[in-house]
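As recorded in TrEMBL, the features of this protein are as follows:
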type	residues	note
BINDING	Asn14, Arg25, Gly199, Gly220, His221	3-amino-2-oxopropyl phosphate binding site
BINDING	Asp16, His17, Arg52, His57, Thr107	1-deoxy-D-xylulose 5-phosphate binding site
ACT_SITE	His50	active site, proton acceptor
ACT_SITE	Glu77	active site, proton acceptor
SITE	Glu158	site 'Transition state stabilizer'
ACT_SITE	His198	active site, proton donor
Amino acid sequence: MTSQTTAGVLLGVNIDHVATIRRARGTRYPEPIQAALVAEQAGADSITLHLREDRRHIQERDVELLCGILQTRMNLEMAATREMGDIACRLKPADCCLVPERREELTTEGGLDVHGNRPHLRDFCARLAASGIRVSLFIDADPEQIEAAHAVGAPVIEIHTGHYADAETAAARADELARIRRAVNLGLSLGLHVNAGHGLDYHNVKAIAAIPGVRELNIGHAIVARAIFSGLDRAVRDMKGVIDAAVAAGP
Ligand SMILES: CC(=O)[C@@H](O)[C@H](O)COP(=O)(O)O
Ligand SMILES: NCC(=O)COP(=O)(O)O
């Protein structure tokens, strides 16, 4: 039985940093396609990959090949640009998550400014939806951004958990968790599917997974890091187990 058929929080495995290792030497290995298939076999409910404008890790070839291979679901992360819109409408992944990008950033630093870009994002979401793609907006736990996401027609939001993950004190972490809880409740009240991700690991994921109504968690860096020592199959199964246990334990 796949996790798609069981209640609980789904796991989207982000394979970006398998491609980061490949890029480090310009070799053919490790192969992100193999990573995606191993992750699916280990219980991933979807595969997330971020095709960045600077192609620092995932390449267009990875997206094209996986579109015809994945047995679960592709969640293609990308900036809301003409180039990426053309690629998405050509390849038609099940999901597209629109994320902000800056070349100089080490990793995603914040959520998309939906409120400040409503006309552009309304048109962009409509274009992707017309191609049969379910659009998700990667946003901070900010009521204004959540309401804007609903207003521009996105059916899904992914709450950015990076500030929670990076919190340096228990008090700060508790504050961020409370913000995320409120954000999830607001998103649900607007009829949105609410996902979450960024910076989640085998410890901090528990409190997020336990928030009632969270649908899917997208996790990559921590899984790939554990895979170095335990193998990717084990790393994915471990994360599924931690999430399922947190859901069973309740909020
Ligand atoms: C949007 C997000 O939080 C990540 O999924 C994103 O992929 C981070 O970018 P890098 O993978 O390049 O760090
Ligand atoms: N959108 C978050 C994601 O796909 C993975 O982020 P991370 O776990 O690599 O930080």
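Backbone N, Cα and C define each Cβ position, glycine as well.
Heads up, TrEMBL stuff is auto-annotated, nobody curated it.
Model, not experiment: these values are computed from the prediction.
Shown here: features listed in TrEMBL, placed on the structure.
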residue: Asn14; record: 3-amino-2-oxopropyl phosphate binding site; Cβ neighbours (10 Å): 25
residue: Asp16; record: 1-deoxy-D-xylulose 5-phosphate binding site; Cβ neighbours (10 Å): 22
residue: Arg25; record: 3-amino-2-oxopropyl phosphate binding site; Cβ neighbours (10 Å): 8
residue: His50; record: active site, proton acceptor; Cβ neighbours (10 Å): 26
residue: Glu77; record: active site, proton acceptor; Cβ neighbours (10 Å): 28
residue: Thr107; record: 1-deoxy-D-xylulose 5-phosphate binding site; Cβ neighbours (10 Å): 12
residue: Glu158; record: site 'Transition state stabilizer'; Cβ neighbours (10 Å): 32
residue: Gly199; record: 3-amino-2-oxopropyl phosphate binding site; Cβ neighbours (10 Å): 20
residue: Gly220; record: 3-amino-2-oxopropyl phosphate binding site; Cβ neighbours (10 Å): 26
residue: His221; record: 3-amino-2-oxopropyl phosphate binding site; Cβ neighbours (10 Å): 17
- Note on the structure: Span of Asn14, Arg25, Gly199, Gly220, His221 as binders of 3-amino-2-oxopropyl phosphate, largest Cα separation rounded to whole Å, comes out at 25
- Nearest to Gly220 (3-amino-2-oxopropyl phosphate binding site) by C-alpha distance, among the recorded positions His50, Arg52, His57, is His50
- Note on the structure: According to DSSP, Glu77 (active site, proton acceptor) sits in strand
- Query: For His221 (3-amino-2-oxopropyl phosphate binding site), which of the recorded positions His17, Arg52, His57, Glu77, Thr107 has the nearest Cα in space?
  - Reply: His17
- Task: Would you find the one among the recorded positions His17, His198 whose Cβ has the most company, meaning other Cβ atoms within 10 Å?
- Result: His198
- Item | Length of the line joining the Cα atoms of Thr107 (1-deoxy-D-xylulose 5-phosphate binding site) and Glu77 (active site, proton acceptor), in Å | 13
- Message: For the C-alpha pair, I'd like the distance in angstrom between Arg52 (1-deoxy-D-xylulose 5-phosphate binding site) and Glu77 (active site, proton acceptor), rounded off.
- Response: 8
- Rounded to an integer, what is the Cα-Cα distance in Å between Glu158 (site 'Transition state stabilizer') and Gly199 (3-amino-2-oxopropyl phosphate binding site)? 13
- Item | Cβ-Cβ distance under 8 Å to His57 (1-deoxy-D-xylulose 5-phosphate binding site), same chain, at least six residues away | Asp16, His17, Ala19, Thr20, Arg22, Arg23, His50
